[in-house]
Structure formats: structure tokens, C-alpha cells
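Relevant sequence annotations retrieved from TrEMBL are reproduced here:
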ACT_SITE  K93  active site, charge relay system
ACT_SITE  S179  active site, charge relay system
ACT_SITE  S203  active site, acyl-ester intermediate
DOMAIN    80-533  domain 'Amidase'
Amino acid sequence: MHKFRPNFQSESVSGLELFTAYPSFLAMLVNVASICSRIGTPRQCRAISRLQSSLKAVNAKNLDVNALVYVPQCINPAVDTDLPLYDVPVAIKDNICTASMPTTCSSSMLTGFTSPFDATVVELLQSAGAPIIGKANCDEFGMGSLNMYSSCGPVVNPYQPKSRTTAWSERERRYAGGSSGGSAAAVAAGMCPVALGTDTGGSIRLPASYCGVVGLKPSYGIISRWGVVSFADSLDCVGIIGQNVDYVKRTFGILSKYDKKDLSSAKPPTRTKAREGCRNAMTNWQSSLSGLRVGIPQEYFPAETDRDILGPLKQVIKNLQKVGVTVVPVQLPSTPYALSAYYVIASAEASSNMARYDGIQYGLRVDPPPGADARKAADVYGYTRTQCFGPEVKRRILLGTYALTADAFDNYFLQAQRVRKLIRADFDKVFRHANVLMTGETSVGPEGVDVLLHPSAIRTAPPIPDASIAVENSSKESNGLESSLEDYVQDVLTVPASLAGLPAISVPAGLADDQWPIGVSVVGQWGYDEMVLRVAEIIEDTGRDAPV
């Protein structure tokens, strides 16, 4: 696994100023420059320029940000400029399989593993001409909300308040969010305009909010999960993080394809029915936004919400109302139970998926210490899993295993599934469009809303504690539980849409009082991803036009 240790040696290759990190990285830039010297069309030069800019940002910032954990020795830009993503360098989260790069899920358990195949989403990106610039850091196996649980180290938020005059290396260190923190940080740092991530309970929307970029969790089953290392199968979604809504929209158009290899992929007739319903609904407010109804769920402002983030949300609402959008309050009464239900369901599914990593059939094997009885398979399993899994993965395995025991199954797992059903019903009761997945369901009608709008997070990005403070806190017996509970509550606003399988996108809403970014989320009915993207565009456009 390549780690960046730039020496910032300056060289000139074919008239291009390069900042080298190590020989393979220099060779990659030489290859890019050599291609540029042989071609001359504006579109080809644009592709080369975009890739060159991305690689320079990687070289300049990745040592501090730790967004990318692997960069290939050679990156070839698309020669065919008719391909839709020929000029869009993309980073891939480290839990999405790539045949040309390691896939470790930021875990010691998968050290050195390289998949024999590409995930479907990677194949689609490559077919569309997108150059893959590397693998992005993440929480181990996607379990975490801050991107602090990684064998490669935490991801540092690359955002720097404009009011600060401190040097890049001396800026305030805050978390990038998780679990797709590396993907969000790579986009925010200019390393790539688009990155793929996964979202199980907010793992794209939360880091997008913290880093000030756009993050889409699509409807469950719309983008293929084949080739993605599983965390919680009924919740996992491959999503997109981009510098703006247009990048996300372009990439979504490439990835939203039926995949027969993915058993959870929505069938073509279902997709067609949802797409037609979505487009018909949008015709009501394409000429005048007065037909667009946006709901504000009253339960999405829990006690843990930092009051400082409400200013940007109110401004977004004002901007929408100025262009004629109708904004109304709505009720989602089952929301307070969503977080607890999510962690029971996700942990139960995780404990099942993690069972395959035994060090014999799957995963890195760590031999027991001298004197231990290596003939007992249980001892070998236990020692390997103890050494190779990080603290958060172990914690969720224990929680999930308990939830599936005979004594707890009815009281926890089945009860969580009942709550999940109630949450789905709550959403269907407020949307004016019928859920095509539910038989016999009818739309609410004109009194319903097209989309929901709420804060993406309860606060801005949390600070990364100093090493001395971290050491002091680690000596406290209760710190592990306290930090985990604080970590879990970050997802309180994002898990309801995940439990219901609905499309949701986080869009930058501006800066909170501490001058750090905060996002707002748009949630739509299942299969209405195009509507969610369109409303996100409206928010982006009205925010750009609003007076500062």
C-alpha cells in the first residue's frame, strides 16, 4: 500500500511543472504529460488538465488529509473524448472492489487483498471514460461516523475557513465524517471532482455536510452493490460525492443501471414505473416552482442539535420561498425510534457478514502466540479476529450477535424491524406520490409534499483531539462507551431515510457560526432520485444567487 511522503521536488516534464512524491507517482505524471504532448484537441487537453490538477492536489495535500490510501502507478486519461465522464477523475472508496488496486476496507483483516474483479460501479465508470485516481480511506468495513476507525489512520477535514490566515499545515484539525470520509475529503481538497462512497446510515451525507460538498445516497436498489464488501445488506447503498450537483447528476446517470448480478437491484419495470411517476410529477413545477411542495419534518431537530447550524437552514428555506416554493411543516412520529432500530439491524447484519473473516478461508491469519494450542480452530479464529478487527467492528459484532440470540431476538431484532416498517409508513403518509414498491398504496394527493428538507447533521465537523488529550482520555475506563455513543448520535438525522430505502442528498447550505460548512438534506420518495437531484440544483442555484 502506497503512503504519500512528498519531498516537493520540482521537475518539468513536457513543459508541465510537476510536484513529485515518489518514483511511481512521477512516472504516472510523466505518462499523463506524454499523452498531452501527442494530442491537441481542446477536449483531450481538458481531460489531461483535469487529471493533472487532481494529481497535483493529491501530491500537495494528501499527506495532511489522509484521504487516499492507494494511488495506482499509472493513470491513463480517456482518449475517447465522446465518453460522458472522460474529464472526470474519480476516487473509489476502499470497500468497493477494484482489480487493479488493493481493497482493504481500511482494515488489518484485509491487508494486501486485491480483488480478482471490478465492482459493477467501477466497470461502469471505466466504460464511461472516468480515470480512477485511487482508493479512498474509510472507517473499517464502513462502520463509523467520523472516519476515525481506520487502519490507515483518521481522515482530516481539508476545509479551511476563509477568515483564517494560518498556513495549510497549521489549520484547525477536524474530522471529515464517516464512513466515506476519505471520499468526501478527496473531493473537498480538489483531488477529484467525484468520488464513490457507500451509505448505510448516513456515511455519504454526513461527511458531505462536514466537508462542504454534495453527497447522494440513492434509492436502495437503484445503483448496483455487486462487488461492494458488505456491512449491512438491507441498508448498504453505493452513492456519489461531488464538488457540485451537476457532477453528481452526471455520475448518477452512468451508475443507475439494472444489474442482474446484484439480487437487490431493482428490476427494469419497477425502475421505469418510478421514473415515469417522477417525471410526470416534476412537470407540475417545471415552469413555475409554485407547484413544488417541500416539507420540514418537525422531529428532525432533536435536543442534541447545535443551534448554530439553524441559520443556514433558515436561509435555504427563505431562498426557496423567494422563488415560489411552498414550504410546510410535516410530522414523522416514528423518527425518535429510528436510531436505536438502525443500530440493532445494522449490527445484526454486520455480525453475520463479519463471521466469514476467520483467517483461514477469508482474511489475514495471525498465528497464536507460542505455547497456544493451534489445533483448536476456535482459538485460531479468536486470536485472528481479536488482532485484526478494530474496536468499533468488534463492538458492533458483539452488539449484533447479542441481538440475534434466542433471548434477545424478539425484544430487539424483531422490534427494530417493526420500527423500520413504521418509519417507512411515516414517509409514505407525507409524500404526495405513491411508493411503487408498495402494492395497493395510493398517493396522499395534493396535500402531501414532493420532498423533505432537514439539516444533514446536528453540528459542524467535530474537532480531532490533540494526541495528549486522546492519550489522557484513553486511560479512562468509560471513554470507549462514551465516545461510541457520541459517534452514534451523529447519524440521528440520516438513518430514517436509510431505513426506508429512500433517496437523499446533502447539499452545502453555507457556514455555521463557527465558519465551518453545514449541509441540508433533500429526501424523496423511492425511485424519485431525479426529483431529489433537481431540488438540490434549485437549492444550489438559489444559494449562489442569494446576497452574501
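Don't overthink the numbers, they just go from 1 along the chain as shown.
A Cβ is built for glycine as well, from the same backbone N, Cα and C atoms used for every other residue.
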Does anything in the same chain, at least 6 positions from S179 (active site, charge relay system), have a Cβ under 8 Å from its Cβ, and if so what?
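Listed in sequence order: C138, D139, G142, M143, G144, S145, N147, G197, T198, T200, S203.
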The domain 'Amidase' (80-533): mean pLDDT?
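Summing pLDDT over the domain 'Amidase' (80-533) and dividing by its length gives 93.
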Out of K93, S203, which has the highest number of nearby Cβ atoms, where nearby means within 10 Å of its Cβ, if these are the active-site residues?
S203
